[in-house]
């Protein structure tokens, strides 16, 4: 039997030793082909881009090398244990410690970092997702700036905001930042790396040069939020912030409206004795059936470790999704020591599992992109800890169904922070499922003359061509289904409680 990889032809050895040798030759051949292709790409870079792409490609080469070394699943299921009791602390225990007299000192050691690399395409919007309006004409970015400015003014502190942009979001974000010039928040940005997508068959880059337009528009990708450590370090901003006396970053997704600075968690971090300094806190929260795919914390080889669904052997996926065995999931709200990031980067000791993300480009070409997740580095840090926080600290807006919740009277907005209305009698949010006619933000907005009263809603399902008049009230379980070709207009002032509405209902002005 003959194997061909990029011009390499080898007879397949019959013994195991020979097989291992053969695989090693294959790996070396793939690495040298990749190296040659990256050199070709680099040679087309101009000016400042050449320096940046050199750093990016160093990181990519390292990732590709590790990708070729991986054999089988990254975890052995039998070695997975539940985390020890004291490694995941209840939030109430952290809160019970109270706050110090001088909160300003603690805040002055903090930097807020928002992951701002994503586009709004899944919600039908062009440009950065952070620029979508979510409440009273305020965007995700507006709310973030308002929250931090409120902290700085209230405590006379200096908490800066850092945005990790990607090549997809950097230009548009920087234009918008000018409007915050007179706010009491210092804003810094740095860029995620830009890595080449790999042809699934040849395992070589699809890109032919460093251009990002035309044929090259979709051949690059930002390599997941695990890239934060290297790109933050490479940008020089990490060193600058340490020099300014900053000690911790609070990292979260910019679309998680529950991820505000928590003074109790901050106090827990800065009040640890020097020898026992906690270098990494992951906020986790109780899993519900809606969160079965979320990563969870486990004990593995004596370390706290993040287990993602992509790492789970197929035979154990149902067990992973179980709410009884794995009771918590990662909110991606993380508190991390700046000096520890610097140490681990300089020792080249940041070890994160590789996520292989398959994609199909518009022309039908199958590619893969190699990514890492920021939380996966938890095992590299000393005295890492999970804190089981209230669900209110996890309020992501991924779809227009989520958007409806945060735009409604379920939440009140104060100083950029959303809090559940005191008029809602139970603490859980309703389950909302809007159909495909509502997927795009613009379409969704045209279907509501005003956002319904949802204070007493448990469950809402809407499917088909449905519109809502002004001052509609929804209570209990409401299901509205317009069949294909039908249309339902919910009249202004309607109150629907535990109702199923189907068929055809048109309200015409006369």
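Glycine too: its Cβ is placed from the backbone N, Cα and C atoms.
The UTP binding site annotation in TrEMBL covers 129, 192, 224, 255, 398. What TrEMBL lists as substrate binding site is 225.
The Cα of residue 225 (substrate binding site) lies closest to that of 192, out of the binding-site residues 129, 192, 255, 398. Within 10 Å of the C-beta of residue 192 (UTP binding site) there are 27 other C-beta atoms, taking all protein chains into account. Neighbour counts of Cβ atoms within 10 Å were compared across the binding-site residues 129, 225, 398; the minimum falls on 398.
Just so you know, the Cβ of residue 224 (UTP binding site) picks up 23 other Cβ atoms within 10 Å once every protein chain is counted.
For residue 255 (UTP binding site), the same-chain residues lying six or more positions away in sequence with a CB closer than 8 A to its CB are 118, 129, 130, 140, 396, 397, 398.
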